[in-house]
């Protein structure tokens, strides 16, 4: 009879209900926390993109203080012509000789560089199977000066003229600036230890040998180093297209450090704030901004011109005009 609880099956025992008893709508609340954004395909272990990424050979990251190997006949010959300090010239046995290879061997012998002949398979292994044309040049790490030593040497030959590079990334620009510093009577170059081009074979080659005469120092903290130099009487002038001081109005006869910004972003905020003045180069209205190394060369040329013919104090010039 309906309502008779004594009838078999009239009362369902607890826990005997079919289906899930626990869930978002069950007896216990289920956490609904999200799992976060979906990772990129190459980071998912079983995705085909991840398998392709794992299959690709990984090139080790080269540190700035490691030995560098220059590959190819033209690059090696340019390094030897520029006087890049090298420790060994590797030539694969059986390599077909031409004028470039012959000149490389002759210049290495004249410079006292060890000439090592080895099997092509060994040269392939040494260069990680990169294209080498049967020849490679081993270049040791550059011996950087200390910023304090660089400043002391510059102050011994007053007025000091130094160039600091704020995160310049292209070693060719670094080499070109070193060359301009040598051409216009500068005393050295300062670069940050991180996020900056270093003195590699490319930079040395672009400097046309000036890197052998102009010291390059590396600063752990560029802003702090520039502050220390300013405390010792060196005026810090930044170079930027939006600078408030025209190059024509800069007195280049004082001890100076010219700060050149990176190719894309220019001067960083902290470095810009610690400059005594920010200088711009007057240009025609339709002209675009100059390359970093070209702009540095223009400023150094103007400073050298003023030092060859020191300008009169502004007060005397105004009185004479009156």
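In case you wondered, yes, glycine gets a Cβ from its N, Cα and C as well.
It should be emphasised that the depicted structure is a prediction, and the values quoted were computed from it without experimental measurement.
Per Swiss-Prot, the feature compositional bias 'Basic residues' maps to 1-16 (among others).
Among the features that Swiss-Prot reports, region 'Disordered' is placed at 1-69.
The compositional bias 'Basic residues' annotation in Swiss-Prot covers 43-61 (among others).
According to DSSP, residue 290 (S-adenosyl-L-methionine binding site) is assigned to coil rather than to any helix or strand. The number of other Cβ atoms within 10 Å of the Cβ belonging to residue 290 (S-adenosyl-L-methionine binding site), over all protein chains shown, comes to 15. Look at Swiss-Prot and you will find 261, 281, 290 tagged as S-adenosyl-L-methionine binding site.
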Shell list (S-adenosyl-L-methionine; ref centroid = CB of 261, 281, 290; cutoff 8 A): 239, 240, 241, 260, 280, 289, 291, 292, 294, 295, 296, 298, 299
Where residue 261 (S-adenosyl-L-methionine binding site) falls in three-state DSSP terms: coil
Residue 281 (S-adenosyl-L-methionine binding site), number of other Cβ atoms within 10 Å: 19
Diameter of the S-adenosyl-L-methionine binding set by C-alpha atoms, the set being 261, 281, 290, in angstrom: 14
